Amino acid sequence: MISVSAVLYSTSMILILLGLYGVLTRKNLVRVVISLDVMDLGVNIFLVTIGYIRDGRAPIYLSDAPLSLVDQASNMVDPLPQALVLTAIVIGFGVTAVALTLIMRLYERNGTVMVSDLRGLKW
Amino acid sequence: MVSPMLLIAMPLGAAFLIVLLGSKMAARIVAIATVAFLAVLAPIWLSAAISEPFVIVLADVLPPLGIAFGLDAVSAGFALLIAVSGLLVLLYSFPYIPHAGEFKGKEKAEVRYYAIFLLLLAGAFGLVMTKDIFNLFVFFEILCISSYLLVAYSQEERALEAGFKYMVLGSIGSAFMLVAIGLSYRLSGSLAMADIAKALAAAPNSYATLVSVLFVLGFGIEAAVFPLNTWLPDAHSSAPSSISAVLSGFVIEVALVVLVRLSLNVFSGAMLSVLAVLALAGILVGEMAALGQKELKRALAFSSIGQVSMMLFAFTLGSEIGKWAGLGQLLMHAGAKSALFLVSGYFIVRTGSHEIEAYRGLGRKMPAAGAFFAIAALSLVGMPPLFGFFTKLRIVEAAAAAHSAIGYAGIVVILFATVIESIYLFRIVRTLYGANAEVAASGAASGDLPAFAWIAVAGFVLLVLVGGFMIPSFDRLLQPMAAVLATI
């Protein structure tokens, strides 16, 4: 039987590769940004999967739980990757916001969001 | 003694304060006061850190649970370089930034310029101080996002495009980096660099190689390692010149040193031989591309690729003298290239053109700017008795001392690159002093550098001018830094 984490790992890799493909091939700048977000999503799923434990519980000790503290600790989910993902999501949000602002300014100047119509630099 | 955490906390706090105050004058005063304060404290921290590295405990949580921070000789040395460069570039920005770009809401944009500039400094300070691989990512992103915004500051079409291109590549890089961080965490169960180094040393070789390849792919984009540096010529040439100076002067170098330090100590040198070959390719490609450029700032940006690759080559030699030589070159490049970019900013303001050909005869109309440019350019080529001669000589010595094929190949490449450098830099200097009735008559160029810009450029030029004679005192700083570079 395929384990949950194997499915998640492969999903994340597929998303990263799809996103990378999109960034490299799309001509529309908005689509480039969407592809970047798909890639970020893949990375975030990868990070969350690292902390995944089968039948894991939330990493909170309960004093009135039927289990002893040691038993409670035995299959707690690692909270650290989740904290990392929260940070990564916030950073990804910031980057997307900046990217869309740049696209907006480019659109105001040129009336286009297509890479092929931009002439300022050699791409 | 004051805690070195101020290096991160003060620019971060000042950046938000500036936005709240919202006036241009207040922004200038707060920014310069903050950076000047840090530039005064940095030498004290450096001398203290050389004898005994600081271990910083945040919020009273001790390692391994707390977030690892530290100020050792390398980070303190870089903190000093960043603070002093930042101070001079801020001084230059006062007269220069009003000339950068014409767009609506200019006044408010200037306030934001100083705020983002301080954020960039906070990111750079954090990047050299952190001992925790995830914090490394966070500070890296602070540094990158603020540089995307500053590159696009003028809102001209080419600046927006360059900023966007830089951002796309930077984001791909940070995605790779996050995967590498995830893999390291999965193996070691810790984010502290020291723990990851131990776990990777015990792990199968292929695992360490995979992590370090992903990491080099991610970090190499910012550190301008060939062939991940395609964004650099566009970003550095389209940014406001003050920002080009900062990006070429210390941002790529900070990224490079962090990359080298991690490759040496955390990834157990898995990528070093690959990096050495990439560095040699980078020197050749950077300098050859610079030779063909018509725009001054583009040529300087390509020359930065060559110079940074030269430092990377020295670092990858593996010997202490190699690291020492690399750090010396880094210091020289920070002075020379910052001065070149800052001066070229006023060439562009006075003539309204990016092309080298438009500056014909400008050296006579702007005598101070022309002289500064010529001195910095000569030092970059390696003309004795300027600083650049000694630093380049030391790299060649270190390469010869390595007694390896790559070392000898490096000597050939560096000497060849020097010839190319002298061709295009001398050509630019000759154009500056060439006779041209047209520029002289048009009157487009009026006036030399303004006072603040003059002081800033003179500060950088002073470094390359006297650096050669101050080698013994620099070495007292660079040698401990080179020794610490081989540890985490």
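In case you wondered, yes, glycine gets a Cβ from its N, Cα and C as well.
Here TrEMBL flags B:131-408 as domain 'NADH:quinone oxidoreductase/Mrp antiporter transmembrane'.
For B:66-92 (among others), the entry in TrEMBL reads transmembrane segment. Outside the transmembrane segment (B:66-92) by six or more residues, the chain places 4-5, 7, 28, 31-32, 35-36, 38-39, 42-43, 45-46, 48-50, 53-59, 114, 117, 121, 124-125, 128-132, 135, 192-194, 242, 245-246, 249-250, 254, 257, 261, 327, 331, 334, 338, 342, 345, 452-453, 455-457, 459-460, 477-478, 480-481, 483-485 with a CB less than 8 A from a CB of the stretch.
Annotation comment: TrEMBL describes B:113-130 (among others) as transmembrane segment.
Residues or ranges marked as transmembrane segment in TrEMBL: B:136-154 (among others). Residues of the same chain lying 6 or more positions beyond the ends of the transmembrane segment (B:136-154) and with a Cβ under 8 Å from any Cβ of it are 100-101, 103, 109, 113, 116-117, 119-120, 122-124, 126-127, 130, 160, 162-164, 166-167, 170, 174, 177-178, 181, 219, 222, 235, 238-240, 243, 246-247, 251, 254-255, 258.
With a threshold of 8 Å between CB atoms, the same-chain residues lying at least 6 positions outside the transmembrane segment (B:166-187) that come near it are 133-134, 137, 140-141, 144, 147-148, 151, 196, 199-200, 203, 207, 210-212, 214-215, 217-222, 228, 230-231, 234-235. Under the heading transmembrane segment, TrEMBL lists B:166-187 (among others).
The transmembrane segment annotation in TrEMBL covers B:207-231 (among others).
Feature annotation from TrEMBL assigns transmembrane segment to B:243-264 (among others).
Non-local neighbours of the transmembrane segment (B:270-292) in the same chain are 205, 208-209, 212-213, 216, 224-227, 229, 233, 260, 263-264, 299-300, 302-310, 312-313, 316-318, 406, 409-410, 413-414, 416-417, 420-421, 423-424; each lies 6+ residues outside the stretch with a CB under 8 Å from one of its CB atoms. The transmembrane segment annotation in TrEMBL covers B:270-292 (among others).
If one looks beyond the transmembrane segment (B:299-318) by at least 6 residues along the same chain, the residues whose Cβ comes under 8 Å of a Cβ in the stretch are 223-226, 229, 232-233, 235-237, 244, 248, 252-253, 256-257, 260, 264, 269, 272-273, 275-276, 278-287, 289-290, 293, 325-326, 329-330, 333, 337, 340-341, 344, 356, 380, 392, 395, 398-399, 402, 407, 410, 413-414, 417, 421, 424-425, 428, 485. Residues or ranges marked as transmembrane segment in TrEMBL: B:299-318 (among others).
What TrEMBL records for B:330-349 (among others) is transmembrane segment.
Here TrEMBL flags B:370-390 (among others) as transmembrane segment.
The transmembrane segment feature in TrEMBL is assigned to B:405-426 (among others). Same-chain neighbours of the transmembrane segment (B:405-426): 273, 276-277, 280, 283-284, 287-288, 290-291, 293, 299, 303, 306, 310, 313, 317, 377-378, 380-382, 392, 395-396, 399, counting only residues six or more beyond its ends whose CB sits under 8 Å from a CB of the stretch.
Positions annotated as transmembrane segment by TrEMBL: B:451-471 (among others).
The transmembrane segment (B:243-264) is not in contact with the transmembrane segment (B:451-471), judged by fewer than 3 CB-CB distances under 8 Å for residue pairs 6 or more apart in sequence. By the Cβ criterion (under 8 Å, sequence separation of 6 or more), the transmembrane segment (B:370-390) is not in contact with the transmembrane segment (B:113-130), since fewer than 3 such pairs are found. Residues 4, 7-8, 11-12, 14-16, 18-19, 27-28, 30-31, 34-35, 56, 68-71, 74-75, 78-79, 82-83, 86, 90, 93, 97, 136, 138-144, 146-147, 149-150, 153, 246, 250-251, 254-255, 257-258 of the same chain lie 6+ residues outside the transmembrane segment (B:113-130) yet bring a C-beta within less than 8 angstroms of a C-beta in it.
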